[in-house]
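Colleague: Below are the features listed in TrEMBL for this protein:
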TRANSMEM  12-35  transmembrane segment
TRANSMEM  55-74  transmembrane segment
TRANSMEM  86-108  transmembrane segment
DOMAIN    94-202  domain 'Phosphatidic acid phosphatase type 2/haloperoxidase'
TRANSMEM  128-152  transmembrane segment
TRANSMEM  159-176  transmembrane segment
């Protein structure tokens, strides 16, 4: 019964996330991106942000390595507690999330915000043709870091306020720097939550 209830809640939340994503794509993405470009500047936010995708890969590699090093170190000491499980979960979900975002970006091939701002005629989903300039959906940063913050949220709840602030700040930054449309950010967060739930259930 508990499994059925949990499954239903996951389905309901997934459906709600899907509806939210579709509303963003249909109604909010373009007006919000245009507003950001008009009132916050379409060039200044770009400064110093060109290498963020490369830093994402480096971050995933480093955090994954640290997670598994911590896991095996704790296991070697005979310590099997929340710290061990945290390391195992993060060491699994981070590379998984990165792989998922890579596949989804290629599959959806959505025009990136900056490309749309420079040439609105290029807007759309270019299915299974995601390449540079057409890898906006979903947001890789949200997809990768949402599971990390969820792990911190569950295993180390004392600092939940800080996790929430940083996570929200990341989403806002992706919009302000014109890296993503709102729908990309929401989708990345949603898929990240799903990835975390799957790994948490499998590992834990």
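Heads up, the Cβ atoms here are built off N, Cα and C, so glycines get one too.
Buried or exposed, and what's around them? Tell me for each listed feature.
Modeller: Looking only at the domain 'Phosphatidic acid phosphatase type 2/haloperoxidase' (94-202), the predicted model's pLDDT averages out at 95.
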Colleague: Give residue numbers and ranges for long-range contacts of the transmembrane segment (55-74): same chain, 6 or more residues beyond its ends, CB-CB under 8 A.
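Modeller: Tertiary neighbours of the transmembrane segment (55-74) are 80-81, 83-84, 87-88, 90-91, 94-95, 97-98, 140-141, 144, 148.
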Colleague: Sort out the residues at least 6 away from either end of the transmembrane segment (12-35), same chain, that have Cβ-Cβ distances under 8 Å to it, and list them.
Modeller: 113, 116-117, 123, 175, 178, 181-184, 186-187, 190, 193-194
Colleague: Do any residues, 6 or more residues outside the transmembrane segment (159-176), come within under 8 Å Cβ-to-Cβ of it, and if so which ones?
Modeller: 32-33, 36, 40, 45, 139, 141-142, 145-146, 149, 152-153, 182, 184-185, 189
Colleague: For the transmembrane segment (86-108), find every same-chain residue at least 6 residues outside the stretch whose CB is under 8 Å from a CB in it, and list them.
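Modeller: Here the qualifying positions are 56-57, 60, 63-64, 67-68, 70-71, 74, 125, 127-130, 135-140, 143-144, 146-148, 151, 155-156, 188, 191-192, 195-196, 199-200, 203-204.
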Colleague: At a C-beta cut-off of under 8 Å, are there same-chain residues at least 6 beyond the transmembrane segment (128-152) that contact it? List them, or none.
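Modeller: Long-range Cβ neighbours of the transmembrane segment (128-152): 52-53, 56, 59-60, 63, 86, 89-90, 93-94, 97-98, 100-102, 104-113, 115, 122, 159, 163, 166-167, 170-171, 174, 179-181, 183-185, 187-193, 195-196, 199-200.
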Colleague: Please list the DSSP helix, strand and coil residue counts for the domain 'Phosphatidic acid phosphatase type 2/haloperoxidase' (94-202).
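Modeller: Counting residues by DSSP class gives 81 helix, 2 strand, 26 coil.
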